[in-house]
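Enquirer: Quick one: structure below, then a few questions.
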Amino acid sequence: LVVSRRGKDSASSVFALILETRGTHQSNCVFDALMNAYLDSGFVSDAFQCFRLIRKHNFRIPFHVCGCLLDKMLKLNSPAVAWEYFLEILDAGFPPKVYAFNVLMHKMCKEGKIEQAQMVFDEIGKRGLRPSVVSFNTLINGYCKSGNLEEGFRLKRDMEESRTWPDVYTFSVLINGLCKECRLDDANLLFDEMCERGLVPNFVTFTTLIDGQCKNGRIDLAMEIYQKMLGRGIKPDVITYNTLINGLCKVGDLKEARKLVDEMNMTGVKPDTITYTTLIDGCCKEGDLHSALEIRQGMIIQGIELDNVAFTALISGLCREGRNLDAEKMLRKMLDSGMKPDDATYTMVIDGFCKKGNVKMGFKLHKEMQSDDYVPSVVTYNALMNGLCKLGQMKNADMLLHAMI
C-alpha cells in the first residue's frame, strides 16, 4: 500500500520511514516484503535501491528476492546496470550461477560491448565456476560478429585446453566468420575438422559454407557442398535454396536456378518472395524478360506480393526492351502497392520515354518525382536534356540546364 501511494523513486524515503517507526528490530521480513513490493510494481531501480539500503544497514540479505530482481534485470535492455547489481549481490554472498553470466554476456555482445562481455566471462572463473560450452560459444560469437576472428579461435583453444569440447554451434560460428572474411579454404578445413571429430553439421553450417562460396562466385563448389548436404540426409530450407538460386543467377545459370525452384516445390519447401524476386532479377539481367513476366504471373496466382527489387528489375527489363508504356504501368503498380521507387527507377522510365522522343511524358514523371519530395539527380536531368536535344529543342534544354544550376 505504501509503495503504491509513494510510487516510483520512493525507496529511500519509505526505507527511512520504516526504520523510524519500527526501528532495527524484527525488520528483516518487512524489508524483504518492501523489496518484493517494488519488484511487483515494476519499479526495478527502487528494488535495487532497497537491496543497497538493506546491505548498508546490515540486515539479512533476501537472496530469493535478489534472484527475482536479477531475473527481471536480465530481461531488460540494461546489461551494464544488471552487471553492476549482479556483482554487488555476489559480493554479498549470493550463490553464483553460470546461466546469469551467460545471459549478461549475450546481451553485451548483442550491443557490441565485447570488452565488457570478456570481463563477465573472466569473472566466471574468479567466482569459482567453470565456463560452460554456452559461455564460450556466446563470447566466440561476439568476437566473430565484431570481426575479431583471432580472439574467437583463441577462445576455441582455451575451450579445448579446459576440456570443454566445441560443439556444432562453435564450429558454425567460426566457419561463418571465416566465410565473411572470404577465407573459404580455411572455412573448408574447419568444416573437415568438425566432421573428423564426429560432429554432425546442421543445415546452418552447410548454408553458411554455401553462402560463402556463392558470394565469391564459386558456384561449382557451392553445389558440391549442397550435394554433400543432401548426401548426409540434411534437408535444405528456403534460405539454403535462396542462397544457391541467388548464386546461380549471378553467374547467369538460370536453367539450374529454375531446376532448384522445381526441386523446392517437389520436396515441400515453399518458395517465398525472395526466391521469385531473385529469379525475376536474374532473368531481367540476362535479357529474358518473357520468363521474368511469367514468374511474376505465377506469383500473382499464388498470392505472393512483389517487393521493391522485383518491381525495379521488371521496370529495368521493360525499359531495356523499349516497352516504355509497360514500364510506366509497372511503376504505377509499384506505387499502388505502397512501395516507394527510388530516384534511379524513376530515371529509367524517364530516360526510356525521352529516348523514344516522348519528352512530354518524361517531364510529367519528373514533375511527379518533385511533388513526391524526390530530388532528381544529375542523371535524371541529363536524360531530359538529351531528349530535348534530340528533338532540336535547344532553347528548352538550355532553360533546363539553368534550372539545374
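Any Cβ shown, glycine's included, is placed from N, Cα and C.
As listed in TrEMBL for this protein:
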| type | residues | note |
| --- | --- | --- |
| DOMAIN | 11-123 | domain 'Pentatricopeptide repeat-containing protein-mitochondrial' |
| REPEAT | 97-131 | repeat 'PPR' |
| REPEAT | 132-166 | repeat 'PPR' |
| REPEAT | 167-201 | repeat 'PPR' |
| REPEAT | 202-236 | repeat 'PPR' |
| REPEAT | 237-271 | repeat 'PPR' |
| REPEAT | 272-306 | repeat 'PPR' |
| REPEAT | 307-341 | repeat 'PPR' |
| REPEAT | 342-376 | repeat 'PPR' |
| REPEAT | 377-405 | repeat 'PPR' |
Enquirer: Restricting to the same chain and to residues at least six past its boundaries, which positions have a Cβ under 8 Å from a Cβ of the repeat 'PPR' (377-405)?
Expert: 343-344, 346-347, 350-351, 353-355, 357, 359, 362-363, 366, 369
Enquirer: Suppose you look only at the repeat 'PPR' (132-166); what would the mean pLDDT be?
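Expert: Taking every residue of the repeat 'PPR' (132-166) together, the mean pLDDT is 96.
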Enquirer: Please list the DSSP helix, strand and coil residue counts for the repeat 'PPR' (132-166).
Expert: 26 helix, 0 strand, 9 coil
